[in-house]
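Asker: Grabbed the feature section from TrEMBL, which reads as follows:
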REGION    14-58  region 'Disordered'
COMPBIAS  28-40  compositional bias 'Basic residues'
COMPBIAS  41-58  compositional bias 'Basic and acidic residues'
BINDING   Q336, E386, D436  S-adenosyl-L-methionine binding site
ACT_SITE  C468  active site, nucleophile
Amino acid sequence: MVLRGITVALAAAGQPPGAGGTAELTPRQRRMARRQKQHAKQRELRQQEQPARLEREQAVEQQRAAAAEELQQLHVQLLQQQPDLPLNCPHFASCSGCDLQSGLAAPPLLASATRFFAERCAYPGFRLAAGPAQQWRRRARLAVRRGDDGEAVVGLFSEGSHDAVDIPDCVAHHPAINAAVSLLREALTACGVEPYHEASGKGELRYLQLTVVQPPAPAGSQDGGQLGAGGAAAAGGTAAAAPAQVQLVLVWNAAAGEVGDAADERLSALSDWLWQRQQHGEQQPGSLLHSIWANFQPAATNTILGEEWRLLRGAEVAWARLGGVDICYGPGSFMQANFGAMDAALAAIQAHVPAGATVADLHAGVGTIGLSLAATRAPRWVRFVEINGQGEPPFQQSAERLRASAAGAPPLEYLVGAAGSQPGRWCKGAEVVVLDPPRKGCEPALLRYLCSDGAAAAGVRRVLYLSCGLPALQRDAAALLDSGRWRLAHAEAFLFFPGADHLETLCVFDKIE
């Protein structure tokens, strides 16, 4: 022990082991000494590298700041090029529904998209088509909560919270939605229905879903019996549009089979009261409500709608005129909230589908895109693929109406499945493939297929990609271009949500021959 201590002391003093007659270091001590030297060397290297690392980090930060400044300057230029489109909503300060008060025709995201298409895709002609900033929303989902005073609050949550905010005069809503909400407020008090209390999970009415339905046009209209986003005037009709109605969904805080007698009586009383007292007012006589549904959501979740439905009053399905065709939908069907913007997007899609082509409409929903092409582009056939089987019944009603029309319909095939599950099967024989994926973008398996020889072998010559998520679109577009099989032939954006920093983007990719 004495010799070992002397050896360590000598080593610490800088004398070599064994000098002066002392014993050699043990293996463990040699390992420790090597580690100490390595650590010292690493510290020295870190000290030497620190200035260089800091310099690199500063350079990266400067590049980011410069890019952000360029993007801001581009946004200013785009704002100057677009007409001013203000929101003018009295609820903007408290409501989370809108991000922008002015410059709605050039949201900040437009600058990012414009630069991406110009620099990454060599497409400098990217443009945004903007529509009205007010009264465009034809479907709304609103929370019903118990306020501090015990009264019902009907609206959206304030930013970053679950505190509901009343929005009775929302300018984005179609006027029929605000009228239906006003009527419902009276009904809650009259029928003694308890608004939902989120903290305790108690209460009866959790949410509302309100969808505007335009009744059939009067005789003599040139709108084919169904008015679209702009009514008879937009369609070139001569007859005045009938007052819009609302398909109302009451989201009840219970399972369908577990509603108690008293609660079930209040639900029935609520629907009866609404149905009996609905009216548009002196200026627009007629029924305000198209139908009343109950949806049952017993779970403590942020998911608004449950799986069980009950029709309480009115018609089971509704119709909309979109893209030149009548589209059937139920309360659980996915529908774009902005019919006017959707009409504009459908017109652009139609313009890029050759007459007589074969079409595969993936992510089809109730078939809006594919049916509009079937009605306007005389395709040889259209194949629809949708992961949610609930879209098929309304699709079949729309298809039946199209077949019975004077124009008729080509062969239409509706398949239930994920777009990425069997891409070779879905795309086989289709000259045009339409993609309308959710915000996360195209399924990896489908994207790989389109970037491979398989799509070309299947006969795909054009891909139309309608995107609601710009980052995912940028990723997928880059993959298609980098595959060397596709080129970007066209790109444009639509303002589906005026007041939000959001774009709906259409890209047309052509096969490189």
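The backbone N, Cα and C atoms fix where each Cβ goes, glycine too.
Just tell me what is around each of these and how deep it sits.
Answerer: Taken residue by residue, the compositional bias 'Basic residues' (28-40) breaks down under DSSP into 13 helix, 0 strand, 0 coil.
Listed in sequence order, H363, A364, G365, G367, E392, F395, Y414, L415, V416, G417 are the same-chain residues six or more apart from E386 (S-adenosyl-L-methionine binding site) with CB atoms under 8 A from its CB.
Cβ-based neighbour count (10 Å, all protein chains) for C468 (active site, nucleophile) stands at 19.
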Asker: What is the set of residues, excluding Q336, E386, D436, whose C-beta falls within 8 angstroms of the centroid of the C-beta atoms at the S-adenosyl-L-methionine site?
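Answerer: Here the nearby residues are F334, H363, A364, G365, V366, T368, I369.
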Asker: Using Cα coordinates, what distance in whole Å links Q336 (S-adenosyl-L-methionine binding site) and C468 (active site, nucleophile)?
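Answerer: For Q336 (S-adenosyl-L-methionine binding site) versus C468 (active site, nucleophile), the Cα atoms are 11 Å apart.
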